[in-house]
Structures are given as structure tokens and as C-alpha cells.
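**Student:** TrEMBL feature annotations, pasted as is:
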- 12-41: transmembrane segment (TRANSMEM)
- 90-212: domain 'Phospholipid/glycerol acyltransferase' (DOMAIN)
- 308-330: transmembrane segment (TRANSMEM)
- 336-356: transmembrane segment (TRANSMEM)
Amino acid sequence: MGFIAFLKTQFIVHLLIGFVFVVSGLIINFIQLCTLVLWPINKQFYRRVNCRLAYSLWSQLVMLLEWWSGTECTLFSDEATVNTFGKEHVIIILNHNFEIDFLCGWTMTERFGVLGSSKVLAKRELLYVPLIGWTWYFLEIVFCKRKWEEDRDTVIEGLKHLADYPEYMWFLLYCEGTRFTETKHRISMEVAESKGLPKLKYHLLPRTKGFTTAVQCLRGTVSAVYDVTLNFRGNKNPSLLGILYGKKYEADMCVRRFPLEDIPQDEKEAANWLHKLYQEKDALQEMYNQEGVFPGQQFKPPRRPWTLLNFLFWATVLLSPLFTFGFGVFASGSPLLILAFLGLVGAASFGVRRLIGVTEIEKGSSYGNQEFKKKE
């Protein structure tokens, strides 16, 4: 094991990376709070500023994937589709099978210049998660309780507010509503059977309300829907902790572009279109499992240096005073100060671990786990 590879496995290094992310995130959140005064003066300038502040935080996670772990991301698509990336407002549909599927998506948004302005339909619980939810709040992310009767007006209002967004945005939808697990899949297929819908092997039954509402509200703003099917070579199931330990993965992403005018305006027909799309996604996964590749040309968009430079900036700004302070504490010889400092380090470690836990499948929400009662 080389020295760099050895460093990637050390807890103290992980703690320092976490410290930089957490403290820089709190600083960014404070700056975002201050930018609220810009909203009544110049809403579009407020949005552009917050896109760049969000980029400064999210790109640190992208840096871990691209530069720290060296994970490779390959696109399977066609040249005409790839040439549209970063040049139009779009809705992204991504399968939700892996702990780091969001991070692979962010990597692509970074390489095509839309990381800071990327959006998502997120569960409301995340609004109260420091850094993640707070940053999303200032980005006008649409939050929902995943109970359509309560969410309908909130989601429609939030989507309509994005109609004049000044930066190209990729609006991510996890139409399955929750991460894939065997238990959720079994229950989901019971629902499919009760509704007379074809069963899926690799996906949960898509929830259509969020998709049809997004298409209706963003028509005239969004140009297309990108369907993205993600898999990892070697049947790997990567985790954020694995990325932190420097493990390298190879992600393959099949991307298909559907012009928005090809999607029916009628809600029921649009829902049927989505169900058909997921049947096609299932066939793509089956092909990948059998052949190890998706159909289409292969593209490897080059990683950009900005994620690494951004992290190095924050590391320089934050770690220098930390080391100076730590040295002063131990040099003082005061047991009370030393214990307080170690307690602070322990609290930081706990906080970083809790943030990582948000991505772990086994700690995911119970949404979709309810036994077959409602037959929604």
C-alpha cells in the first residue's frame, strides 16, 4: 500500500475532511442567510449568488468521488444528446438503488456546469438536516411530505416559482419515491399486480403524481426529460464511506433524451408514459446484467479542476487556524482545555458520521415499507 493510499484509510484524515466540509458549510449557510436581503432587490442576482455558494459546498463531495477515490463515470448515449447537456432546463429521472447515486448525478452536473443550479424534489425531513437541507432551502428546493393530499399545493407553487430560473437547471426526480430494497420491491410489486401493471424486476413501481405535476408546471421552461439508468461495474454496491476510504468504482450511466413535447399533456397519459419508461429501464438493467454494458456510444466527460481547487481553498483557510489552535491547547498543558478540545473533536466526528448516515440504505426512510394495505 502506497503512502497516499494509506492516508486515505486513516480516521484522522477523514475527520479533517469532515471538518472542512462541515465548517465551510456553516459559513456558506450564514452567507446564504445574509443574501436574503437581495431577494426583494434583485431576485435573479440572489439566485446566481446562491448557485455559486451551493457549488462551493457540493463540489467538495464531488471532489471526493472524482479526485479522492478516482471513481470513473462513463456515459452511454448519443452525440446529439450529450451536446445538449448544460444548455437547457431538463427533468432528470434516475433510478434509486445505490447510496451514492446522487453523487454520480452531481458529478455529471459538475462536468457540464450545472451543479450549483441543480434541483430535486426532496423529502421534507431533509429540510432540517444542517448543511444539506439548509443549503437546499436557499436554493428554492421543493420539499414534500410524500403525502399527495398535503403536498399538492406546496409542490405546484414551488415548481411554478422555478419557471423563470436564470441558470440552466437539472431537476432530479426519484420517481420510485424511495431507495430500492427487497422488502420495498416485494410490496411494490403487490401494488403493481393489484393495479394490473407489468411487474418490474430491478425497480419499484414509479409514483406518477410528482412526475406529471413537474411536467405540467415546468412546461414552457423545461425542454426535455433525461432518463438516466445507473449501474456499477463488477456488481459493486458502493457507499459514501467507501469513497471516503478511497475505494475506486466504475459507474456506467445510460442517458436517453425525450423532448418534452413528446410527453402527453393529459395526466393519465403522462402517467402511462412513465410506467412504460420504467419497463424500458428494467430492460436496460437486464441487458447490463447480461452484457456488462448499456447500449449507445461511450463518453467520458473530463473532470474539471474546480472541485479540487475549491476544496484546497477551504482546507487552507480552515485547517491552518485549527492546527494553530490545537497546538496551543496541548502546549498549554491544561487538562481542562485538552479534554474540551478532544470533546470538540469527538462531537465533530459524530456529526460527520450522522451526515454520512443520511445516505446509507439500511438507515433510509421506511417510506414504501408499509405492508400492502392501501393498494395505492
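Glycine is treated like the rest: Cβ placed from N, Cα and C.
Where in this structure would I find these features, and how exposed are they?
**Tutor:** Mean per-residue pLDDT, taken over the domain 'Phospholipid/glycerol acyltransferase' (90-212), amounts to 90.
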**Student:** Going by DSSP assignments with H, G and I as helix and E and B as strand, what are the residue counts for the domain 'Phospholipid/glycerol acyltransferase' (90-212)?
**Tutor:** 59 helix, 17 strand, 47 coil
